[in-house]
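One structure is given here, and the rest of the page talks about it.
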Amino acid sequence: MVTTLRQTDPDFEQKFAAFLSGKREVSEDVDRAVREIVDRVRREGDSALLDYSRRFDRIDLEKTGIAVTEAEIDAAFDAAPASTVEALKLARDRIEKHHARQLPKDDRYTDALGVELGSRWTAIKAVGLYVPGGTASYPSSVLMNAMPAKVAGVDRIVMVVPAPDGNLNPLVLVAARLAGVSEIYRVGGAQAIAALAYGTETIRPVAKIVGPGNAYVAAAKRIVFGTVGIDMIAGPSEVLIVADKDNNPDWIAADLLAQAEHDTAAQSILMTNDEAFAHAVEEAVERQLHTLARTETASASWRDFGAVILVKDFEDAIPLANRIAAEHLEIAVADAEAFVPRIRNAGSIFIGGYTPEVIGDYVGGCNHVLPTARSARFSSGLSVLDYMKRTSLLKLGSEQLRALGPAAIEIARAEGLDAHAQSVAIRLNL
């Protein structure tokens with residue numbers, strides 16, 4: 001039976017707080033093993049990659065080569081259904097257009113003292129994109145991670161993807177070429193993260209690493225952070241749907257299951273003010289579950305982490321939604337637009353009954369790499385800015401230094417930093 005929380009219950013606040021603090025991931029204690037892998041790749045380079053790939057992915061990289069060739073990508077295009085390639089092109093173009101609007105502008109101005117100030121934006125020179133292998137090897141994620149980098153002007157976009165038993169998803173290779181990925185290497189796991197961070201004989205190092213992965217990949221990203229930048233440590237996917245009784249229960253059920261089929265630890269939440277509607281949605285979920293190819297995954301997710309929250313009215317839904325801070329928030333109520341300005345915490349908001357979150361996954365144009373596990377309270381989804389950095393600009397002439405220098409000297413001396421004070425005073429003959 002799915003968890004049901006009723007706002008009218010006297011212990012609702014206690015139950016809701018417990019619900020928010022519930023853990024959906026079993027943390028594997030992998031840090032020691034991962035650190036050993038990372039250190040070995042740093043020391044031994046390609047030979048460590050060859051060994052780990054034989055051991056973990058059952059592939060002989062000495063025979064296949066570490067790098068994926070252009071001929072292999074050509075073959076992937078030949079193997080891919082033309083209709084899927086066209087759909088990926090549509091997705092790419094929409095992602096590109098939306099993210100182009102995020103490009104920041106340089107700024108430079110002169111203040112009242114004649115001091116010139118400003119900021120200049122530049123792209124990161126090289127980034128690494130980790131793409132999981134196996135069932136989580138999604139071409140849409142390649143587009144979502146690579147296209148903002150391309151729009152930002154990153155010179156070198158490097159993709160690593162494991163090839164268990166030598167197999168690569170051809171659509172992942174197709175998406176990589178469509179998105180302008182520069183290099184592709186058939187390595188995965190913590191060893192791939194280490195290779196991107198420190199470099200090997202074959203793989204040149206990058207400045208930032210993005211993309212999802214398992215506990216080993218996440219641990220490796222934490223370990224190499226500082227040597228390189230990273231995007232985020234993402235958890236299981238989640239959706240919160242705020243819906244009134246005028247919605248079709250089958251539609252809402254389908255949206256809940258679209259998250260549930262991702263992962264047994266994914267979370268799907270319905271928030272409504274109508275108990276009869278909630279029951280209708282639950283019944284629709286049970287009917288639809290048995291039609292899915294990933295029935296077992298979706299069933300486990302819905303059973304273990306799904307929830308129905310019954311509120312007194314939708315005014316009460318707003319603060320609760322902000323506390324949940326969901327990765328995906330669907331608002332399917334009569335005046336959905338009126339809700340939007342009052343939502344502070346959400347990774348992405350899907351407005352109205354004709355905007356299922358799945359459109360955002362693929363072809364909406366917004367990025368689907370979003371903060372999970374309530375981290376939307378303090379972070380944002382992936383964007384062009386994640387592939388850029390801002391440099392401050394400052395220019396003074398002698399007049400401006402005379403105007404500002406004495407205050408700088410005063411503060412430096414108050415902080416006990418004589419050399420700081422002297423750096424200004426020597427120019428002013430003080």
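Any Cβ shown, glycine's included, is placed from N, Cα and C.
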Practice item. Please state which member of H99, H290, H328 Swiss-Prot lists alongside S237, Q259, H262, D361, E415, H420 for binding substrate. Key: H328
Check your understanding: Between E415 (substrate binding site) and E327 (active site, proton acceptor), what is the CA-CA distance rounded to a whole number of Å?
Key -> 44
Exercise for review: In whole Å, note down how far the CA of S237 (substrate binding site) lies from the CA of N214 (NAD(+) binding site).
Suggested key: 13
Revision key, fill the gap. Sequence-ordered, the binding-site residues among Q191, S237, H262, D361, H420 whose CA is within 10 A of the CA of E327 (active site, proton acceptor) come to S237
Check your understanding: Would you say which of the binding-site residues Q191, S237 has the most Cβ atoms within 10 Å of its own Cβ?
Key -> Q191
Exercise for review: State the Cα to Cα distance, in Å, between H328 (substrate binding site) and Y130 (NAD(+) binding site), rounded to an integer.
Suggested key: 22
Exercise for review: Using Cβ-Cβ distances, find the residues under 8 Å from H262 (substrate binding site) that belong to the same chain and are at least 6 apart in sequence, listing them in sequence order.
Suggested key: P236, S237, T297, S301
